[in-house]
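**Student:** Mind having a look at this structure? Questions to follow.
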Amino acid sequence: MTTALDQLKQYTTVVADTGDFQQLAQYQPQDATTNPSLILKAVQKDAYKPILEKTVRDHRNESTDFIIDRLLIAFGTEILKIIPGRVSTEVDARLSFDAKRSIDKAHELIKLYEAAGIERDRILIKLASTWEGIRAAETLQKEGIKCNMTLLFSLVQAAACAEAGAQLISPFVGRIYDWYKKQAGADWDEAKNGGANDPGVQSVRRIYTYYKTFGYKTEVMGASFRTTSQIVELAGCDLLTISPDLLQKLHDSNETVTRKLSPDALHDKPTERVAIDEASFRFQLNDEAMATEKLAEGIRVFAADAVKLEKLIEALR
């Protein structure tokens, strides 16, 4: 029997969401994504502590920020030895509301990759889908630096990213699901709100349909999954980035996977484009409590993990 993972790969580009690059080869993903939380998790494992220690040792007299950049590139370079495609490396979440500094940081990361012999076509710079992050992406894309827009929870964010010419977006399925489940509390009905009715799945389907209806080239990569059901319901999405735990479950499963999303079979097609000038963007995002709260929370979590990573580095000096 063909595994669920192999079936999924017939319809969707499978991406591994991890800093634990030793797990990559067995799943044969095309691309890989990282974020501050995943890098922090990886460097605390015995297998990866030597990378952290060597990076600190080699740059002991440099700033902590300087060392973190080189640590990100060290992980990205190792990942690119294993996968044929692209790796996503994230700009510090503390720059999420500063377009200029985000652009500057992206330039630094690209220069470090190029100095390591990695072509920029194999790199996606991850930026938070704030107004400022999207403006940074617009500038970077014009310079030939491809961007992956993360912490995306709403159609207005997706529309703004597409208008800015972003290479790729990462709508967060699981975190959307988490919010609605928490809001419902004891009234949550998993049977009613799971599968195709999962609010995170529905959000990605809506964004995918919007993009394909209006001919945007920006890639849609579902992210932040909690279950294999969420993944299977989005078979046919341009890309899906999946944790090693869920990749293993798909690998071990013989469940039949059928295509659920296709540009040739769009349902509930929108008739108008979303207004995305700055005032409209901010109002629409503010008007959607889930998106506003999860974006803010996501930035806080990634920023906090960046601080934890800094403390690990300081302890090794």
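A Cβ is built for glycine as well, from the same backbone N, Cα and C atoms used for every other residue.
In case it helps, Swiss-Prot gives these features for our protein:
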- LYS126: active site, schiff-base intermediate with substrate (ACT_SITE)
**Student:** Including all protein chains shown, what's the count of other C-beta atoms within 10 A of the C-beta of the residue listed as 'active site, schiff-base intermediate with substrate'?
**Tutor:** 25
**Student:** According to DSSP, which of helix, strand or coil covers LYS126 (active site, schiff-base intermediate with substrate)?
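**Tutor:** DSSP assigns LYS126 (active site, schiff-base intermediate with substrate) to strand.
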